[in-house]
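One structure is given here, and the rest of the page talks about it.
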Amino acid sequence: MQVVNIGVLGLGTVGSGVVRLLKDHEHKISSITGRKLVVKTVVVHNLEKKRDVDLTGIKVTNDIKELINDDEINIVVEVMGTVTTAKEYIELLLRAGKHIITANKDLIATHGSELAELADQNKCDLFYEASVAGGIPILRTIVNSFAADRIIEVKGIVNGTTNYILTKMSQNNMSFADALKSAQELGFAEPDPTNDIEGIDAAYKMIILTQFAFGINIALDDIEVKGINGIDLEDIKQAKSLGYNIKLLGIAKLINDRISVAVGPVLVPETQPLSAVQNENNAVLVTGAAVGETMFYGPGAGEMPTANSVLSDIIAVTKDIVLETTGNRFNDFSREGKQALPDEIKYPYYISLKVKDRPGQMLKITEVMTELNASFHLIIQSEYDDVNARVVMTTHKMSEQQIKEIIKEIDNLEEIEVIASYRILSE
Ligand code: HSE
């Protein structure tokens with residue numbers, strides 16, 4: 001049987017999983033592809049580090065040239081992370097005619113178009129199924145199974161770390177700091193969890209999902225991003241008492257044929273399926289004009305789930321090599337798209353305030369709401385501390401422009417402080 005040689009760049013959690021899975025499922029993979037897939041060379045940063053994966057027969061080096069200059073290597077799996085160095089290496093590898101598989105969403109979200117262009121020029125495949133929602137096969141599903149439909153909305157939980165933290169806060173009354181520590185110990189969080197908790201990791205994934213679902217290229221600056229840092233356990237409990245779970249959602253939708261993409265904490269009704277997604281799991285809800293609402297659920301991070309997505313790419317490239325069809329883009333759908341206007345993006349909102357507990361305060365809040373033509377749905381007051389009350393309001397639908405103005409005006413009021421303002425997902 002002919003051999004397809006694979007190089008692996010980076011031997012952390014995902015890299016080890018890829019090596020392990022290729023060995024464990026060797027026979028099934030050969031019978032599907034008609035080729036024997038062999039990991040020939042692994043490039044690592046630290047040659048001394050002890051690895052808990054069997055590397056028998058694999059060359060381990062710290063020299064990228066061992067991949068670039070080896071004519072026998074057909075496919076390189078980049079799982080080293082970082083943006084600048086990974087980009088530089090991938091460019092060299094594409095120019096050397098290697099097909100690339102990467103799990104690097106930061107890189108694809110920021111430089112995906114130019115890398116796809118370079119892959120085209122060199123008749124190489126560039127696949128990145130593992131970059132979004134770890135083990136959920138969402139990108140290839142959008143390309144293949146939604147090809148004939150018109151996607152209207154893609155929304156979901158695309159960051160495992162934050163979903164784990166919010167689950168633990170909600171179910172175990174854990175503090176944010178303790179829940180984050182636990183996520184790091186379990187290996188879901190990135191080594192530096194800033195991007196996870198500030199919503200940037202989810203935003204990168206939404207950039208890629210938006211490109212696949214709507215064919216529209218957007219940048220990080222085009223996304224309204226809020227993280228979960230500073231989220232208050234009391235708001236999680238309050239939302240729960242109203243029948244909602246707070247989830248960090250990415251929402252990309254077409255409004256009057258313009259695109260709106262946002263990442264932030266959202267109150268999700270308990271009856272909505274995304275509400276039931278717990279711990280490090282992810283779920284992506286794709287709404288097509290023809291098919292309606294579909295949901296894809298699974299582990300969003302971790303060694304073997306992510307490695308499985310990488311393996312699906314390896315098999316796709318191998319089939320292209322056999323059929324001599326390499327060099328086609330992962331996603332061909334591309335069109336011009338304008339950003340939705342702030343006054344056409346409308347949601348109900350949850351607003352939580354710390355208010356000095358004395359007469360006349362509610363009137364000040366009501367005046368702001370009235371001036372800006374915004375309507376309350378309900379108002380709840382509870383104790384914050386000895387001198388302050390917590391006032392929680394939910395509103396009827398209002399535009400992004402209205403909510404921004406309301407928050408600004410309320411924040412300007414003396415003795416009133418905005419703790420949080422979150423979208424509410426209508427059922
Ligand atoms: N840190 C990411 C998450 C996993 O928590 O979802 C890799 O994308």
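Glycine is no exception: its Cβ is also placed from the backbone N, Cα and C atoms.
The active site, proton donor annotation in TrEMBL covers Lys205. Taken from TrEMBL, the feature NADP(+) binding site applies to Leu9, Gly10, Leu11, Gly12, Thr13, Val14, Gly15, Ser16. Marked as NADPH binding site by TrEMBL: Lys105. Among the features that TrEMBL reports, L-homoserine binding site is placed at Glu190. Taken from TrEMBL, the feature domain 'ACT' covers 350-427.
Locations of recorded TrEMBL features on the structure.
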residue : record                    : Cβ neighbours (10 Å)
Leu9    : NADP(+) binding site      : 23
Gly10   : NADP(+) binding site      : 24
Leu11   : NADP(+) binding site      : 23
Gly12   : NADP(+) binding site      : 17
Thr13   : NADP(+) binding site      : 15
Val14   : NADP(+) binding site      : 27
Gly15   : NADP(+) binding site      : 26
Ser16   : NADP(+) binding site      : 22
Lys105  : NADPH binding site        : 24
Glu190  : L-homoserine binding site : 18
Rounded to the nearest Å - Cα separation of Thr13 (NADP(+) binding site) and Lys205 (active site, proton donor) = 19
Measure from the Cα of Lys205 (active site, proton donor) to the Cα of every one of the binding-site residues Leu9, Gly12, Glu190, then give the nearest.
-> Glu190
Conformational class of Leu9 (NADP(+) binding site) under the three-state DSSP mapping | strand
Going by Cα-Cα distance, pick out whichever of the binding-site residues Leu9, Gly12, Gly15, Ser16, Glu190 is nearest to Lys105 (NADPH binding site).
-> Glu190
Find the average pLDDT over the domain 'ACT' (350-427) in the predicted model and report it.
-> 95
Note on NADP(+): the CB centroid of Leu9, Gly10, Leu11, Gly12, Thr13, Val14, Gly15, Ser16 has further same-chain residues inside 8 Å, namely Val8, Gly17, Val18, Val79, Met80
Sort Val14 (NADP(+) binding site) into helix, strand or coil using the DSSP assignment.
-> helix
